[in-house]
Amino acid sequence: MIKNYFKIAWRNMRSHKATTIINVGGLAVGMAAAVLIFIWVQNEFNFDKEQPDHANIFRIKSYLAVDKKTTWVWEHTPYVLGEHAKKDVPEIVALARMAPNIWRPIYFNVNGEFFPEKTTAYVDGDWFKVFDYKFVSGNANAFNANPYSIILTESKAKKYFNTTNAVGKMIKVDTLNYQVQGVIKDIPASSSFTFDILMPVAAKQANKREKDNDLKWGNFNYLTFVKLNPGANLKAVSKKIKAIIRKNRDKDDLQIGLTNLAALHFENDLQSSSLTHGNQRVTYIFVALGILLLLIACINYVNLTTARASLRAKEVSVKKIVGAGRSQLFAQFIAESGLISLFSLILTVFVIWVSLPAFNDFTGRNFVLSLGSFYVWSILFGTLLVAVVLNSIYPAMLLSSFKPMNIFRGSSVLFVKDSSLRKGLVVVQFTFSIFLIIGVITIYRQLNFINSQDPGYKRDQVLTFSMPIKVYYKYKDKERDALAASIKQSLLTRPAINAVSLLGARSIQDNQNQSSGGADWDGREKDFDPALAYFNIDPDYARIVKVNLVQGRWFRKDDPSDQHNSILNETAAKELGLHKPYIGQRFISQDDTGKVIGIVKDFNFRSMHDKIGPAIFKNRSDYASTFLVGVSPGRQNDIAAQLKIVWDQYFPAEPLEYTFLDQEFDKLYHDDAKTSGLMTVFAIVAIIISSLGLFGLAAFTAEQRGKEIGIRKVLGASVSGIVTLLSRDFILLVLVALVIAAPLGGWLMGKWLENFAYRISIQWWMYLGAGVIAVIIAFVTISFQAVKAAMINPVKSLRSE
């Protein structure tokens, strides 16, 4: 019997090839989009759970009170905290620390070829006692035995040596030779740790300055992880760690917390992070997105199936007359739906395989479609099961409910309530499509707003580069300052360069240079120590980035007192409560007493997600390692070559790496641009699927009203009149969808815009634009069926009755 059901289903599919292609194609696209989303969502919710003991692993988080109203939350802790915690907290089974290196690349010299790497980290000896890594070759013991060891992932080993059998091979870092002691499996996509090169902390601390810094309680440079005994009391552990801090820190301004490993991914209160983080709100939005894409794909099948119901009414009636029960008919239509869904699944796998590389680029992940993975097949078949259920119930109930005598008398196959339900389903489809269109318009306008807004400084024709790290630490302070000054003068001799400034940070968008305390001025309240962003620069800075001075003057090269003076931005002048006039007031910062000599107009030195904070500019180029270079007009093409000439004069054995400020600016909104891209793709998918659903309903209506259309043509109706007649009700459905989608889209996108301190407002024309796009798409879709119905010979339509 079951075999017979599938045989009949196959014959019906072959008999109606066009409908079958639309059904299979629509379902495949919808299922592929849903499966990709569900793979990503499943990955987001299972971050770091591949670690066997993830339930017992915690990272120590720092809460640093910078003033009465402000607390900084850091993922870092002092190195020395770990030393004391291992001794004084018995609940700790193992403790491990990591010093990530994500800000500046470390250059690896492999057989004379340089590789700049940013996904590197220093880890201490117990790292592999806390975290589980799959070693392909080598082991952790050899890594811990030699401070100049290195562990690579399989991909890095292949990149450097064209083989995963890299144990024993040498890599030069600066002037030191590191030996590969292990090769591990590539980091999974569901790991917060993207570091694919690990080196011992002992190698970092071989530099005396680094070691001395690590022994200070005021330096927060390490991520500290603890593995606790199962069932350990977290409050008791936290209390003991806090006691260690109170005993060893001079100021009572630091609190700590314990964050479970599995909860790291959705942390949203950190000042900054070196780990991979997700947005839980966005993840839930994409859960809904995947479900709705699957739903509208299934609505397509339902509409197209019911549109063909009149063609199968007599088939069903004959089967009932010869004894077929409703359950048998129901099973037959379930089999048909299952077969369509199965073919769709096969096409779905192909669509996923083709689109996965682009999807990985969008999401920044490395998903692999492994047909041997239970996880992949569970998502595929779970989606298939949902599709079969959604596709089957309504059509099967409807088609198995026909009364044979009514059919043979010529009664209408379907009832008004069924028509209303189908129209309601189309409203659901277009509500979702219009909502996505509103989302795409909103995100595009916000990103365009960001790019068109003047951040308050010049970001084109400006580049930055830094000295090699080993050089920075090789020289003493005065020697390094002299070297920086010499490099600056050499750069100024090149015709492609019109200005050079020295910076104490990596770039203008450096958001790691905040500090509190250490600043004082007349009228400051005793306990008021606000967080301030410091810019350690030289007088040429303003000439390059064109910041606007609204009061006072800029630093002068020939004025020694300017080494002690400060320039504030407008926000600092207001929030610090300085008395007017600002210029000439006493101001102490960085243990240096001077006065305020200027006020600059506020500019966005960070992302527009954040409000502009108070900033202090100091004329200090000591300790500077970064160069800000203004490129002469029309010399963009040869700047790289001229920069390389100067670089090779000073660092001939080191590779040069530089970046333009506008590229740094674009990176600030990289995730937003990806969200925009994904929303656009899924909006297009939703519109295509919704249009197919509308196509099915239009086909059904044209078929149902065939006799009416024939009579109207006999009475003189034009093709355009018939097209208008058939289109009117469908356009009304789209307008109803617009009424529903507009407030929903406005509310949700308003929530998204709250992530930006500086944002657009949602305008009425955005709703209108989304509605116009939807109406045009709907009209084009409907017109195809309407024109086709209007062109049929009325004699044929009337004779068919």
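Using the three backbone atoms N, Cα and C, a Cβ is placed for every residue, glycine included.
Quick caveat, the model's predicted, so the values are computed rather than measured.
The domain 'MacB-like periplasmic core' annotation in TrEMBL covers 20-243 (among others).
Per TrEMBL, transmembrane segment is recorded for 21-41 (among others). Through the fold, the transmembrane segment (21-41) approaches residues 283, 286-287, 289-291, 293-294, 296-298, 300-301, 304-305, 340-341, 343-345, 347-348, 351-352, 355-356, 359, 363, 365, 367, 376, 379-380, 382-384, 387, 391, 682, 685, 688-689, 692-693, 695-696 of its own chain, all at least 6 residues removed from its boundaries and within a Cβ separation under 8 Å.
Annotated transmembrane segment per TrEMBL: 282-304 (among others), in sequence order.
A mean pLDDT of 73 is what the model gives for the domain 'ABC3 transporter permease C-terminal' (289-402). Annotated domain 'ABC3 transporter permease C-terminal' per TrEMBL: 289-402 (among others), in sequence order.
Marked as transmembrane segment by TrEMBL: 329-354 (among others).
Per TrEMBL, the feature transmembrane segment maps to 374-399 (among others).
Residues 292, 295-296, 299, 302-303, 672, 675-676, 679-680, 682-683, 686-687, 689-690, 693-694, 697, 730, 733-734, 736-738, 740-742, 744-746, 748-749, 752-753, 760, 762, 766-767, 769-771, 773-774, 778 of the same chain lie 6 or more positions beyond the ends of the transmembrane segment (424-444) yet place their CB under 8 Å from a CB of it. Marked as transmembrane segment by TrEMBL: 424-444 (among others).
Residues or ranges marked as domain 'MacB-like periplasmic core' by TrEMBL: 480-619 (among others).
Counting only same-chain residues 6+ beyond the ends of the transmembrane segment (677-702), those with a CB under 8 A from a CB of the stretch are 22, 25-26, 29-30, 33, 37, 289, 292-293, 296-297, 299-300, 303-304, 306-309, 362-363, 422-423, 425-426, 429-430, 432-433, 436-437, 439-440, 443, 709, 726, 729-730, 774, 777-778, 781-782, 784-786, 788-789. According to TrEMBL, the transmembrane segment annotation covers 677-702 (among others).
Per TrEMBL, domain 'ABC3 transporter permease C-terminal' is recorded for 681-794 (among others).
What TrEMBL lists as transmembrane segment is 714-744 (among others). Distant neighbours of the transmembrane segment (714-744): 423, 426-435, 438, 694, 697-698, 701-702, 705, 767, 770-771, 774-775, 778-779, 782-783, 785-787, 789-791, 794, 798; these residues of the same chain sit at least 6 beyond its ends, with a Cβ under 8 Å from one of its Cβ atoms.
Residues annotated as transmembrane segment in TrEMBL: 764-787 (among others).
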**Prompt:** Of the residues in the domain 'MacB-like periplasmic core' (480-619), how many are helix, strand and coil by DSSP?
**Reply:** 28 helix, 46 strand, 66 coil
**Prompt:** Hey, which bits of the same chain come close to the transmembrane segment (764-787), Cβ under 8 Å, at least six residues off its ends?
**Reply:** 430, 433-434, 437-438, 441-442, 445, 687, 691, 694-695, 698-699, 701-702, 719, 722-723, 726-727, 730-731, 733-735, 737-738, 741-742, 745-746
